[in-house]
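**Student:** Please see the structure below; I have some questions.
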Amino acid sequence: MSSSHHRRSRETSHAEMPIGRYTRLDEIGRGSFATVYQGVHTKSRTYVAIKSVNLSKLNKKLKENLSSEIHILKGLYHPHIVALIDCHETTSHIHLVMEYCALGDLSLFIKRRDTLGDHRYTQDMIAKYPNPRGGALNEVVVRHFLKQLASALKFLRDRNLIHRDIKPQNLLLCPSPSSYRSGVAQVVPFKGCDESFSPATGLESLPMLKIADFGFARSLPSTSLAETLCGSPLYMAPEILRYEKYDAKADLWSVGTVLYEMVVGKPPFRATNHVELLRKIEKGEDRIKFPEENPASEQIKSLIRMLLKRNPVERMNFSDFFDCDTITGPIPGLIADDAPSTSRRSSVAVNTSGSTSRPQSRTGSRTPTGMKREKDASYPGKKDDQVSYPAAHRPPTQRSDTPPASSPMRRMGSGDRATTSKETVTTTPRRPSVVSLATAPGRQELVDRNATAAVMERQRSRNTYAGVPQTEKQAEKTKEESERAAQEIAFERDYVLVEKRAVEVNAFADELAHSPRIQGGFPRNAYALSRRPGTQGSSTATATSPLATTGKAMQVASGRARADSTHTRQGSYERRYGQSPTSAISKALHMASGRLFGMGFSPPMTITKGGRSPPLGYNPFPAYPAAQGSLMVVGDGARTNVTLDEDAKTVQVIEECATRSDVVYGFAEVKYKQLIPLAPSVQTDPSGRANVPGGERDSTDLTDGGLTVDAVVTLSEEALVLYVKALSLLAKSMDIAGAWWSRKNRGEAFGESAMGRTDATSTLVSNRINNVVQWVRNRFNEVLEKAEFVRLKLIEGQKRLPPDHPSHPSNHSVGPSVGSGASTDVVVSSGVTAEKLMYDRALEMSRAAAINELTGEELSGCEIAYVTAIRMLEAVLEEEEVSRSEPGSGTDRGDARRDGDKAMLDGVRMEDRQVVIKSSIFIVTRKQSSFVLP
């Protein structure tokens, strides 16, 4: 929002760089995979934004996927979508030339609402519609932005496209169209089409909203991962946070969160990670509260509440949203100058007619047939660009009679094809089914219902479509579906290796949570709110819908135990193991952590720096809401069932394994939290200047968080190996629970329950195991995301090291461990192993606790330190247990080499290590048992 563009990005100024017909200027933003620059058209001197994507982070298939998506996006033009104008590829980057939005994004617009009256682009808006006290933006401005957002979403919806990442940071703002006409806005942007800066709805005297970055979430999944870990899931629908299958209604939840933030000034739910966020959403039970002093109208509040329904079935649908009075009706409270005129076109006409959509895909000829290009005197670069734009206000009947060229990844239905003049519908238009994504396949019942609703919506549409011969349409549809399926399969094979493991874990947790045996006699109404019985102590069970059971572990723990909570589980510190089946999860995690994260290990030779462990206030494992009393006193008291004793042992083994994983997770969190400030989240102010910490500091010496590159690499390596260790322990917990569940399904453990003598006991055991499984599932998903974030940080850090550094990629002696491309491989420095880090830290904690006990300092934390050290040492031994339990046929040669490396660590054989560790456990356990608080 600066009027002096020569001052833009003084700290990050780069030499001008020609990119096709454009010149790249200064940097205005930075992300995890791309850098955004301001650019200018070399002849027209109009401004563009150039997004330079680093190809080194994309493997071959992802590059092909991105190219297909780009071809589709080039054919989508709408006034409220940031247009992709051009694309240039070099050996190292893909440069995406996009429309330039001078006012920045909506999030900064809201944050700096108190200073908008001082800026030349927005001072007239604030003079007419001042921001209210107790609120964020004036309701006139809120409704104006909402209308434009709905217009863009309807355009996407008619083409069966889902954005999946609607948030204020992806809603960019341009100066009002009237400011361009009056000359107030001096920076003229390059037009993607004739009506790029002519609003389809809303007011011409207010800033114009455009959706950005749609369609890239799937092609560039590293962004969603980095953003997820840095705080952007604040706007994600709960079904996505629960790792459930979802449809386009996820966008409506995001619209509700954005609308709430425009009204209140902050998101409706705030948390530091997606696990805590989901817990808060579930705890809220659809009760959306507004500050008492907030002046928002009841109509706006009601719309927000209908959009922010946890259950997508109960959420407002697209038809109702597009037809509601807030979207279709006039904006109340307008001043006389902004009163609507009869000549203004309606948003619905623009959305459904597609007059702003380029009628021909750029994959074919750049000049559409059957349509003359109209000259635009205000657009001098048009002839040189050889790009066709639709005529302004062109009615639907003037479309080209030549269908657009087909694209391999084209997502448009038959209704989106060009029509012949003045022809009407001859066949019922049908929207293609929702695209099943690699990260979230489409849920069948929602897909079917969605398709039915789409037909009804099309019948009510004002649009007219040409009839397409049935045989031709069917053949083309079959070809498109087969090509799209091939693309989906190839994409999943190359990228979503981790996701498949998460799917297995989530599938078992879903099965257990929805089983009638687990639910017992509890109500099974699909939409009724039910409360967990038997809460203990002060724990409050959260009322949730059974459909949201996949996230019920949020009720159990938020992932971080409170320092003031009491660890009530009195499990023995002796090692008890159940028979762990060799499931796909355990096998995959043990066989190749590298297969999950692209990791290869150098032979361990020397030990690098260790790290600080969790603080003494860290509680290893959260208490469950179900009663934790003795299982032996529940039932009829007549006799004890042998299978009941086995169930009790199973519960204890699962809990102890989960506890060990939680201790390792806590250790990894210490490393991870030191990397969080390094997340690529450089923000730009409304003027477009990049806020780069450190000014002109050499980025190779210090990172944004003040850590050296060496420190970043060390922390990333240690966090990564610890997260992988935590995953293996979590997978083992799931395996033990899976074996128990298999026995239950075979009837081996339900012989007595049919007679009614152990129903209460079986229900208690089942609920207790279900609680652990749900907790493990959510922790597993969280660790997967954090491990991927750390992996990317490690790759980035290693590339920034000096070329002669041993950890620089050019000096790695171990070959790639994953066949998806060298860009995804990671090699950890010699000597960095989770077992060594854990062993050193356990001894450090126990020694510190012993000293504190002798000196009488911090006695309250001594027992916690002893218990944590014991669990960490037991987790070290867990590696040997897993290694011996896995058959040799299930491992590959790379794992055999790693096992051989582990047989000798620092000159100590495996058997000797076990003796040393077990001796340490015995000593610490004895010390802990003798510890008594004064």
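Glycine residues also receive a Cβ, built from the backbone N, Cα and C atoms like all the rest.
In case it's useful when we look at the structure, here is the feature table from Swiss-Prot:
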{"type": "DOMAIN", "residues": "22-328", "note": "domain 'Protein kinase'"}
{"type": "BINDING", "residues": "I28, G29, R30, G31, S32, F33, A34, T35, V36, K51", "note": "ATP binding site"}
{"type": "ACT_SITE", "residues": "D165", "note": "active site, proton acceptor"}
{"type": "REGION", "residues": "335-432", "note": "region 'Disordered'"}
{"type": "COMPBIAS", "residues": "340-368", "note": "compositional bias 'Polar residues'"}
{"type": "COMPBIAS", "residues": "371-386", "note": "compositional bias 'Basic and acidic residues'"}
{"type": "REGION", "residues": "462-481", "note": "region 'Disordered'"}
{"type": "REGION", "residues": "531-580", "note": "region 'Disordered'"}
{"type": "COMPBIAS", "residues": "538-550", "note": "compositional bias 'Low complexity'"}
{"type": "COMPBIAS", "residues": "561-577", "note": "compositional bias 'Basic and acidic residues'"}
{"type": "REGION", "residues": "684-703", "note": "region 'Disordered'"}
{"type": "REGION", "residues": "800-822", "note": "region 'Disordered'"}
{"type": "REGION", "residues": "878-900", "note": "region 'Disordered'"}
**Student:** About how far apart, in whole Å, are the alpha carbons (Cα) of R30 (ATP binding site) and the residue listed as 'active site, proton acceptor'?
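**Tutor:** Cα-Cα distance, R30 (ATP binding site) to the residue listed as 'active site, proton acceptor': 18 Å.
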**Student:** In angstrom units, rounded to an integer, how far apart are the Cα atoms of I28 (ATP binding site) and D165 (active site, proton acceptor)?
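**Tutor:** If we compare the Cα positions of I28 (ATP binding site) and D165 (active site, proton acceptor), the gap is 21 Å.
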**Student:** What's the number of neighbouring CB atoms sitting within 10 A of the CB on V36 (ATP binding site)?
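**Tutor:** Cβ-Cβ neighbours of V36 (ATP binding site) within 10 Å number 20.
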**Student:** Taking the Cβ of A34 (ATP binding site) as centre, how many other Cβ atoms lie within 10 Å?
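**Tutor:** Around the Cβ of A34 (ATP binding site), 24 other Cβ atoms lie within 10 Å.
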**Student:** Just to verify a number: CA distance, V36 (ATP binding site) to D165 (active site, proton acceptor), in angstrom, no decimals.
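**Tutor:** Computed Cα spacing between V36 (ATP binding site) and D165 (active site, proton acceptor) is 18 Å.
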**Student:** Specify the count of other C-beta atoms within 10 Å of the C-beta of I28 (ATP binding site).
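**Tutor:** Other Cβ atoms found within 10 Å: 24.
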**Student:** Among all the protein chains here, how many other CB atoms are within 10 A of the CB of R30 (ATP binding site)?
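**Tutor:** For R30 (ATP binding site), the 10 Å Cβ neighbour count is 19.
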**Student:** In whole Å, how far does the CA atom of the residue listed as 'active site, proton acceptor' lie from that of A34 (ATP binding site)?
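**Tutor:** Taking the Cα atoms only, the residue listed as 'active site, proton acceptor' lies 17 Å from A34 (ATP binding site).
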**Student:** Return one of helix, strand or coil for D165 (active site, proton acceptor), based on DSSP.
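**Tutor:** Where D165 (active site, proton acceptor) sits, the three-state DSSP reduction gives coil.
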